[in-house]
Amino acid sequence: MGCSASKDTTNSKDGAASKGGKDGKTTADRKVAWERIRCAIPRDKDAESKSRRIELFKQFDTNGTGKLGFREVLDGCYGILKLDEFTTHLPDIVQRAFDKAKDLGNKVKGVGEEDLVEFLEFRLMLCYIYDIFELTVMFDTMDKDGSLLLELQEFKEALPKLKEWGVDITDATTVFNEIDTNGSGVVTFDEFSCWAVTKKLQVCGDPDGEENGANEGN
């Protein structure tokens, strides 16, 4: 699933504000859920995180095939990680993460199943989900008027946060216009998150090594 651009109802800040929360969860709901979730997703490259990732993959892999279909991933995100505490749009986010992991994993390694996520791609998928959630929290702080849309000035003020997060921008106006895919003059969360996650994964997203993978010890 691709990232959607802003449509007619979100081309003005008044239109967006009338819709309430971006996904049915309040900022407070997301902050509470994020404190738990950010520790529950083992996305780092250290040995401990990889060991946790192996165990998590096995829990997701209910069929014991060493490969995950979308339904297994979604069920695991609900039942094991309980990511629905953060968002009501979990199926859409997981679908994007699933597709992105397959695409990047196959591109980097030149191998992989077309419709399945294997262990070497599992970290990429977790990184995507983690980054989307982290960006949601960041967007909450960037969107100072609560309109669910970013203006250029709000984007410029957030450049230090974006650099700390892993995306360094030298020409804010040019980048903002690139993100604003329909030329509305404002940026939706979908536009912002699609751009930011793709940029970050290009820099620091890589598949897990096949050695010591999820099949070890099976």
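Every residue gets a Cβ built from N, Cα and C, even glycine.
For the Ca(2+) 3 site, Swiss-Prot gives Asp180, Asn182, Ser184; the one candidate out of Glu164, Glu191 that the record lists there too is Glu191. Rounded to a whole value, the Cα-Cα separation of Asn182 (Ca(2+) 3 binding site) and Ser147 (Ca(2+) 2 binding site) is 18 Å.
Same-chain residues that are not part of Asp61, Asn63, Thr65, Lys67, Glu72 yet have a Cβ within 8 Å of the Cβ center of the Ca(2+) 1 site turn out to be Phe60, Thr62, Gly64, Gly66, Leu68, Gly69, Leu116. Secondary structure from DSSP puts Glu154 (Ca(2+) 2 binding site) in a helix.
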